[in-house]
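The structure appears right after this line, and notes come after that.
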Amino acid sequence: MSATIEREFEELDAQCRWQPLYLEIRNESHDYPHRVAKFPENRNRNRYRDVSPYDHSRVKLQSAENDYINASLVDIEEAQRSYILTQGPLPNTCCHFWLMVWQQKTRAVVMLNRTVEKESVKCAQYWPTDDREMVFKETGFSVKLLSEDVKSYYTVHLLQLENINSGETRTISHFHYTTWPDFGVPESPASFLNFLFKVRESGSLNPDHGPAVIHCSAGIGRSGTFSLVDTCLVLMEKGEDVNVKQILLSMRKYRMGLIQTPDQLRFSYMAIIEGAKYTKGDSNIQKRWKELSKEDLSPVCRHSQNRTMTEKYNGKRIGSEDEKLTGLSSKVPDTVEESSESILRKRIREDRKATTAQKVQQMRQRLNETERKRKRWLYWQPILTKMGFVSVILVGALVGWTLLFQLNVLPRLTDT
């Protein structure tokens, strides 16, 4: 099975057909209604205007006045895998995010982006980074940090999610891949697979509990890559026929735009081919992935890491160690990436608009609070003024009565 995919990979590489294959997938993908995402009251719950959940597969918040969240349930029955793919939470949707995690009985959150990338906000800080808990009063949840395990390119947090109303608590694993660039790919299949199997070992992807929540910034590019590779490897482990293109098209029926670039598609093939070695019974492969990923090194500077990974995958710096492991060149054939670049520029504009909108919303909230305080003062001012006037009269009367008492009553008592 992996040999077939490897031959397909080599042919696509030799013929420089990654761009045409990506366009084929995009053109063959079905477009389903996504009306709820466009409702006026839901506009501020979407990070990007062009990334919306389909109506038939969107996750619905239960017991909420508005059940909308930009999240999709991707259900691959033959692999017994279910994922919730969602956008990076906004400041005003963090509370909805944790409500969804609770209601869906999720055991793990897989985060594939950083909160800020290339000076653009990609995701709100929805989990605590120190001992102070985060409280989300709107939906009645609090989150505490229990532990943190920092590796060179990913971090694992253990979080305690508490339902404030019932007092019930759950432990949530938070797997954070910290060096995967937007519209890009991980440094190598080995490092990615080491991370994927770390998530797998936690049992969080198993079907005996709620679906794992997978997110990046938009919830389609990096999230789609992660889900596609995991699904294909599960099917290979089950001995099923694996057609990567058809599986991706099937997954795109649940959430639009999964995998955003030809590079991400190519990397998915590389990771599937490399991951298939584990399904063949190579007991030492995971150990080699861990060694090649160099996860135990100290985390590097984010900016230099981001640049290194981009150069490496564009063929300017080739990882020789990884090539020895996979037998596949990490150099990508030159392709016309105009559509991807235009999407990236559009995404940057959307990020700026979203950041501006958030600042405007915060300013409006401050102005509204100031206006409420002013109205309260205007309401109470005449009452307090009258009360003050009455108090002055009462005090004056009391003082006058006291003086009158001293002048008239006390002399009589003295004479007596």
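Just so you know, glycine gets a Cβ as well, placed from its N, Cα and C.
The domain 'Tyrosine-protein phosphatase' feature in Swiss-Prot is assigned to 5-275. As annotated by Swiss-Prot, phosphotyrosine applies to TYR22, TYR68, with the evidence given as similarity to another entry. Annotation source Swiss-Prot lists phosphoserine at SER52, SER293, SER298, SER304, SER320, SER339, citing similarity to another entry. Positions annotated as substrate binding site by Swiss-Prot, on the basis of similarity to another entry: ASP182, CYS216, SER217, ALA218, GLY219, ILE220, GLY221, ARG222, GLN260. What Swiss-Prot lists as S-nitrosocysteine is CYS216, and the listing cites similarity to another entry. What Swiss-Prot lists as region 'Endoplasmic reticulum location' is 341-410, and the listing cites similarity to another entry. As annotated by Swiss-Prot, region 'May mediate interaction with STX17' applies to 371-410, with the evidence given as similarity to another entry.
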Binding residues ASP182, CYS216, SER217, ALA218, GLY219, ILE220, GLY221, ARG222, GLN260 (substrate) - maximum C-alpha distance in whole Å: 12
Residue from ASP182, CYS216, GLY219, GLY221 whose C-alpha is spatially nearest that of TYR22 (phosphotyrosine), among the recorded positions: GLY221
Residue among binding-site residues SER217, GLY219, GLY221, GLN260 with Cα closest to the Cα of TYR68 (phosphotyrosine): GLY219
Other C-beta atoms that fall within 10 angstroms of the C-beta of GLY221 (substrate binding site): 27
Environment of ASP182, CYS216, SER217, ALA218, GLY219, ILE220, GLY221, ARG222, GLN260, the listed substrate site - residues of the same chain whose CB lies within 8 A of the CB centroid: LEU112, ASN113, PHE183, SER223, GLY224
Around the Cβ of TYR22 (phosphotyrosine), the count of other Cβ atoms that are within 10 Å: 24
From SER52, ASP182, SER293, the recorded positions whose CA lies within 10 Å of that of the residue listed as 'S-nitrosocysteine': ASP182
Residues of the region 'May mediate interaction with STX17' (371-410) by DSSP state, where helix covers H, G and I: 40 helix, 0 strand, 0 coil
Conformational class of SER217 (substrate binding site) under the three-state DSSP mapping: coil
Spatial separation of SER52 (phosphoserine) from SER217 (substrate binding site) - C-alpha basis, Å: 13
All-chain count of other Cβ atoms within 10 Å of GLY219 (substrate binding site): 29
TYR68 (phosphotyrosine): secondary structure state under DSSP, collapsed to three categories: strand
Set of same-chain residues at least 6 away whose C-beta sits under 8 angstroms from SER52 (phosphoserine): HIS34, ALA37, LYS38, ASN46, ASN70, MET256
Of the binding-site residues listed as ASP182, GLY219, GLY221, GLN260, the one whose CA lies nearest the CA of SER293 (phosphoserine): ASP182
Taken over the region 'May mediate interaction with STX17' (371-410), the model's mean pLDDT: 76
